[in-house]
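Asks: First, the structure itself, so that you have it in front of you.
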Amino acid sequence: MPVTEFSFKDPYTYQNGFDSYHESEAIEGALPVGHNSPQKAPYGLYAEKLSGTAFTAPRHENKQTWVYRILPAAAHENFVEEDASSYHTLSDAKKLQHIPNQLRWDPFDLDETVDWVHGLHLVAGSGDPTVKQGLGILLYAAGKDMGKEAFYSADGDFLIVAQHGVLDIQTELGRLLVRPNEICVIPRGVRYRVTLPDGPVRGYICELYQGHYQLPELGPIGSNGLANARDFQAPVAAFDDEEGPTEYRLYSKFNNHLFSARQDHTPFDIVAWHGNYYPYKYDLGRFNTMGSVSFDHPDPSIYTVLTGPSDHVGTAIADFVIFPPRWLVAEKTFRPPWYHRNTMSEFMGLITGNYDAKTGGGFQPAGASLHNIMSAHGPDMHAFEGASNADLKPTKIGDGSMAFMFESSLMVGVSEWGLKTCQKVQEEYNEHSWQPLKRHFKDPRKAQ
C-alpha cells in the first residue's frame, strides 16, 4: 500500500482534500446555518473571519475561513518585542550573504534546551515579508514542549518538513500529528502550539512570503498523479474550555522579529469553523512518482509536491520537490541527475537514507546543501563513475530514503547563523565532490 508505515500512531481525526471547502464543529449546532455572522452566534460564541487573501481575490484564489470562538482573537494585551538574543529568525536583507559558492552542511544538531519558538533558525532567504515577496528557509530543533503559549507567523505560510521526532500541533482549527516523512503547512496568521510526544525534534521549513502553496498543474500527465488532492488531511474542530482566567503568552513572528503579548484565556477556543484557509498535512509516502520508461532523465519538476507560484506563469517563488523511492529503467542513459547550472536556486535536505547523485558520503540525513543561481552542481565523482559503468537493468533506488528540494527563482542569501554560527558548513565540499572528477575525453582527430 502506498503509504508510510509510521511507528508512532496518529490519534487524531481529519478531513480529506486539498483546497477543499471544509466545515467542522466540535459541538453539534455550533455552526450557523445559511449565514456567517448572525446577530447572536450559537451558544454565545463570537463570529470572526480569518482572511488569507484580499476579499476581492479571484474566486479560485480566494482564501477565507469563518470561525466561531469563545472570545475574539483581539482580546490580548499589547505586543512587546522580545530580546533579539533569545530567537534566531531575525534577518536584515542587507546582512544575508549572497555568494556563488556551492554550500553543504553537516547534519544540524538537536537542541533539547528550547521549545519550538526558540528553536527556529533562519538559514537562508530572499525578499521581504513586509511587501509579501520572497521566502525564508529555516531549520528547527527543539526538545521542550511549548507551555501555555501560542505562536503564529504574520510573514508567510510555513511548510514544515519533519526529519526527526514527532510534532503534536494544536492549532486554532484543530490538531495535527506530524511525523518524519510527513509535511505540514500552517498558513500565515494561524495560531498554534507544538508539543513533543516522542522526544526531541528536528526538521526544515520553507516559509512562503507571497501567495499560498498550490498543487502543480499536471499538464499531459492527466487528471491524477504526483500528490493527489484526496491525500491531504485537514484538522477537525477541537477546543479548550477554560472558564477561569489563565495566563497565556502569544508569540508573533512579524517581519522576522519576535513579539509577545499576554492574554488571560486560551487561544484555542474555536468551537466550529468553515472555509478553505486552514492547516493541513500530507504523507510523502503517498506521492505517485512519475519517470522515464524509455531514455534520459526527466527534469526534476516531475517530482513537485507543492508550488508557490510567482507572477510569471511556470516560475515559482518556492517549489517543494521530493526524490522518493522509485524505479529507474531508462535505457542507454546516465540515470542520476545530470550536471547542471540553473537559473533557479536549489536548497536540498535529506530526511532519511541517501541521495543517488551524492554517494560520496557527505550528504547526510539532517544535513543540507545550497546550489544558488548558476552555481554548477551535479553528481559527485563516486556517483558519476558508478552510474557510467553500471549494468542498466531495471533498478529500484531510494528504498528507505527521502531527499527533498526547495527550489526558487530567487537568488538566496545565507544568514550569519547558516554560514558561520552553526559551524556545519563543509569547507571541502567542492574538493570532495567535483575536483576528483577525471578527464575522460579522447579527441578522435588525434593519433592514439
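For all residues, glycine too, the Cβ spot is worked out from N, Cα and C.
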Asks: Do you know which of GLU346, GLU385 Swiss-Prot groups with HIS340, HIS377 in the Fe cation site?
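Replies: Of the residues offered, the record points to GLU346.
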Asks: Using a 10 angstroms cut-off on Cβ to Cβ distances, just flag whichever of HIS340, HIS377 is the loneliest among these binding-site residues.
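Replies: Sparsest of the binding-site residues HIS340, HIS377 by Cβ contacts within 10 Å: HIS340.
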Asks: Excluding HIS340, GLU346, HIS377 themselves, which residues in that chain have a Cβ inside 8 Å of the centre of the Cβ atoms defining the Fe cation site?
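Replies: Checked against the 8 Å cutoff, the neighbours are PRO337, ARG341, ASN342, HIS371, SER375, ALA376, GLY378.
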Asks: Return the residues near GLU346 (Fe cation binding site) by Cβ distance under 8 Å, restricted to its own chain and a separation of at least 6 in sequence.
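Replies: Set apart from GLU346 (Fe cation binding site) by at least 6 residues yet with Cβ under 8 Å, we have SER369, LEU370, HIS371, HIS377, MET405, PHE406, GLU407.
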